[in-house]
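I have placed the structure first, in the form of structure tokens, so that the comments after it can refer back to it.
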Amino acid sequence: MGKAVKKKYSGASSGGKEVDAEKHLTTVFKFNTDLGQHILKNPLVAQGIVDKAQIKPSDIVLEIGPGTGNLTVRILEQARKVVAVEFDPRMAAELTKRVHGTPVEKKLEILLGDFMKTELPYFDVCISNTPYQISSPLVFKLINQPKPPRVSILMFQREFAMRLLARPGDSLYCRLSANVQMWANVTHIMKVGKNNFRPPPKVESSVVRIEIKNPRPQVDFNEWDGLLRIVFVRKNRTIAAGFKSTTVLEILEKNYKAFLATQSAVPTTSSGDSLINEVKEKIEQVLSETGLAEKRAGKCDQTDFLKLLYGFHQVGIHFA
């Protein structure tokens, strides 16, 4: 993973200058909505987001997509340091101008580059008016940090936020819901209307709090995610139906052979032959023993998926 270009800047400005700053920006360049550039212009909403993070004076805060700095200047007032990851050099330049020469000059560092390709330093808190097209990969990158943040306060498209919060049986419950809720506690903070942004997006937004579970569940992320990818292909089909796909069976057969090799086990057929039938039998065995064959993924909770994963591992079936 490549490192982003580092540029250190610092400083903050008063919220009273925000309107003039935004008007100036519209005459300088056009916001790129394809990059999710919708600047949060409501100072009350911005302050509310920062307050919900409960930043400590000793905290290092990661901000993703700072834009012109309406959140940044407020975070700088409370944190020891802010690391802001910005993709657009124009935005980084505007933020630099805004914070230049202020008392907190040495507290801001800008990393110029793609967040998903950026090697992140240590941070305690994450705050983001998230570019909506990277919402899902952003969440999983935060969850999979070696030392995840204590809390993340993130603005998302309303429907995406509701998927994060959805419970089994809800219409929006999906692989994203089950996956994130395995590793983190998610709560809804506030709704944010489209008119709070410049330019206004086409959809409403919501702010959520994500707190990574500590200690982390003793489950391999890739195994868990691999299982969910199979059962949620069509969440309203039975669990058993998800395992009948030829592609799924071929992947599980390959993984099963790899497992046997690590165990120095001797398969019932020669190594070059197909073990599909053996894998099918093991799948049927696990589904029968767990009693989940006819249940639908959209109705299953975390305990159900853990039963499945444990049962498959017991018979040598792996998903990553």
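Cβ coordinates are placed from backbone N, Cα and C, and glycine is handled just like the others.
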Matching residue for the S-adenosyl-L-methionine site, where Swiss-Prot names His38, Leu40, Gly65, Asp114, Asn129 - out of Glu86, Glu159, Glu204, Glu211: Glu86
Number of Cβ atoms other than its own within 10 Å, given for Glu86 (S-adenosyl-L-methionine binding site): 26
